[in-house]
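Trainee: The structure that follows is given in the form of structure tokens.
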Ligand code: NAP
């Protein structure tokens, strides 16, 4: 007999933090819509990992920076898997450069994927959450939204924008029983951070009080908690998962 599980949609779940969130949410009892943009093989691997553990998952290609594609993603997920109970807005990219060298494409690319992408998907997912008077939105920002980081003005602006967006949303949807929170990861070992120059990796690792780089699972455990019934009374909050990185240096 098919179990009627609630549904979680995770954007950018073809690898890294998104894949770890998809797996943890499956373990929490959700069927999972695995979104990807380009990495079809990665998305398939995420789905297979979930199926292997006895979970339910389907993959959906959509570029979250496109309003139409994001709408299509939510519509198709709802048709095939059922209404979205939990949205994890995780898809993100970096295009690092010092501001004076940052091109308009680098600015627009990061802001449209990392910030507009969150608006695009959340807008459509929240509509049906409001009708059903339940739901969770969890957006993945970054600790650099709080601290700033040289070479990432576009990324820091987009990630800080997510925090303002979620705080406004939390107020708008609270009366429908929907919560909205932000998880702000620190330095996590994924493809995104693999491309950092060795010097930057060393500088960043040295700034982590807990003395190690984070794993995608470290982030996914926090997301799983925020998606669970136990987090029902938490909304509009920013949870850093960063080994203490955002505590700042002692002077
Ligand atoms: P990653 O390994 O590079 O994975 C990024 C994911 O986002 C991939 O699944 C990618 O899918 C997807 N994606 C990118 N553009 C997309 C688009 N336009 N539409 C749909 N999906 C898209 O990165 P990660 O480290 O796991 O990062 C995940 C999130 O955590 C990002 O928002 C990132 O900013 C944030 N974060 C990461 C760190 C860190 O240290 N790694 C720290 C703080 C915050 P395709 O390849 O299929 O396009």
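Glycine is treated like the rest: Cβ placed from N, Cα and C.
Straight from TrEMBL, here's the annotation block:
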- 155: active site, proton acceptor (ACT_SITE)
- 12, 13, 14, 15, 90, 155, 156, 157, 158, 159, 188: NADP(+) binding site (BINDING)
- 6-191: domain 'Ketoreductase' (DOMAIN)
Trainee: Checking the recorded positions 14, 155, 156, 158: which ones have Cβ within under 6 Å of ligand 1?
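Mentor: 14, in sequence order.
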Trainee: Can you tell me the CA-to-CA distance separating residue 14 (NADP(+) binding site) and residue 155 (active site, proton acceptor), as a whole number of Å?
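Mentor: Counting only the Cα atoms, the answer is 21 Å.
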Trainee: Can you tell me whether DSSP puts residue 158 (NADP(+) binding site) in helix, strand or coil?
Mentor: helix
Trainee: Taking the recorded positions one at a time (155, 158, 188), which has its Cβ surrounded by the most other Cβ atoms within 10 Å?
Mentor: 158
Trainee: Of the binding-site residues listed here (12, 90, 188), which is spatially closest to the residue listed as 'active site, proton acceptor' when Cα positions are compared?
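Mentor: Considering only the listed binding-site residues, the nearest one is 90.
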Trainee: Which whole-number mean pLDDT does the model give the domain 'Ketoreductase' (6-191)?
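Mentor: On average, pLDDT over the domain 'Ketoreductase' (6-191) sits at 98.
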Trainee: Reduce the DSSP letter at residue 12 (NADP(+) binding site) to three states and note it down.
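Mentor: It is coil.
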Trainee: Determine the most Cβ-crowded residue among the binding-site residues 14, 90, using a 10 Å radius around each Cβ and all protein chains in the structure.
Mentor: 90
Trainee: So for residue 12 (NADP(+) binding site), how many other CB atoms are inside 10 Å of its CB?
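Mentor: I get 28 for this one.
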Trainee: Can you count the other CB atoms that lie within 10 A of the CB of residue 156 (NADP(+) binding site)?
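Mentor: Within a 10 Å radius of the Cβ of residue 156 (NADP(+) binding site) lie 20 other Cβ atoms.
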Trainee: Taking 12, 13, 14, 15, 90, 155, 156, 157, 158, 159, 188 as the record's NADP(+)-binding set, what's the max Cα pairwise distance in Å, rounded to a whole number?
Mentor: 25
Trainee: When DSSP states are folded down to helix, strand and coil, where does residue 90 (NADP(+) binding site) land?
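Mentor: Its secondary structure by DSSP: coil.
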